[in-house]
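Lifted from TrEMBL, the feature list:
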type     : residues                                                     : note
BINDING  : ARG9, HIS10, GLY11, GLN12, THR13, GLU14, PHE15, ASN16, ARG59 : substrate binding site
ACT_SITE : HIS10                                                        : active site, tele-phosphohistidine intermediate
ACT_SITE : GLU84                                                        : active site, proton donor/acceptor
Amino acid sequence: MTLTLSLVRHGQTEFNVQQRLQGWCDSPLTAPGLAGVRTTAAQLADRPFVAAYVSPSGRARATAREILALHPPVPVVVDPDLREFHFGDFEEQPESALLERYNPARMYAQVLAGTFAGLPGGEAGATFFHRVTAVFARIERRHDHGNVLVVSHGLTLRAYLSVIDPRPMYPLPNASVSSVEVHADGRHRVVALAVDYAGHGAPAEVDSVPVPELAS
């Protein structure tokens with residue numbers, strides 16, 4: 001038996017457009033963001049979801065509502081461990097403020113590896129990494145087969161994906177879909193990565209990146 005996880009990043013928000021850091025803070029979906037989510041939802045309409053797990057952030061819950069509106073009712077679990085990385089004192093600040101003090105490539109690599117010390121007032125990389133791996137372990141224990149929807153955030157989803165495939169990956173566009181198969185023997189396989197149905201940011205050549213099967 002195989003479990004398939006459909007991992008969806010929330011739709012485009014006002015802070016995304018304004019290039020403001022958005023971890024535990026929140027902002028509403030933009031009109032194009034909502035349209036993009038609905039495009040993604042239509043692409044997922046034929047996936048027979050048996051359950052959904054959603055970050056408590058408003059942007060993630062709004063995204064999940066649009067997707068699930070095209071499906072029969074399924075159990076929905078809102079789990080705080082699916083929240084985005086906490087940017088601390090940099091929450092709501094322009095991304096440029098972070099770039100002035102940190103090397104983003106190095107910082108985000110350390111966040112995904114769980115080794116980043118954390119931003120002032122924020123979350124340590126180890127704390128973030130442990131909660132992300134813990135929530136996905138819970139999901140995998142609860143479901144040994146079927147299709148499960150997970151609506152979360154860019155760094156959160158990338159942290160989980162990086163455990164399966166540690167190679168560097170592109171950022172996940174808003175409303176993009178990545179799919180992971182979890183097999184009964186413990187193998188994980190990324191079958192689709194950052195499929196950008198909504199057209200919110202990935203270059204065409206990386207809209208869907210096949211990744212070879214890896215043991216995890």
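For all residues, glycine too, the Cβ spot is worked out from N, Cα and C.
Note: TrEMBL annotation is automatic and uncurated.
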Query raised in the report: Where the distance is taken from Cα to Cα, which of the recorded positions HIS10, GLY11, THR13 turns out closest to the residue listed as 'active site, proton donor/acceptor'?
Result: HIS10
Report summary line: Whole-Å Cα distance, ARG59 (substrate binding site) to HIS10 (active site, tele-phosphohistidine intermediate), is 6
Query - For GLU84 (active site, proton donor/acceptor): DSSP state (helix, strand, coil) - result: coil
Query raised in the report: Inside 8 A of the center formed by the CB atoms of ARG9, HIS10, GLY11, GLN12, THR13, GLU14, PHE15, ASN16, ARG59, which other residues of the chain have their CB, for the recorded substrate site?
Result: GLN22, SER27, LEU29, THR30, GLY33, ASN174
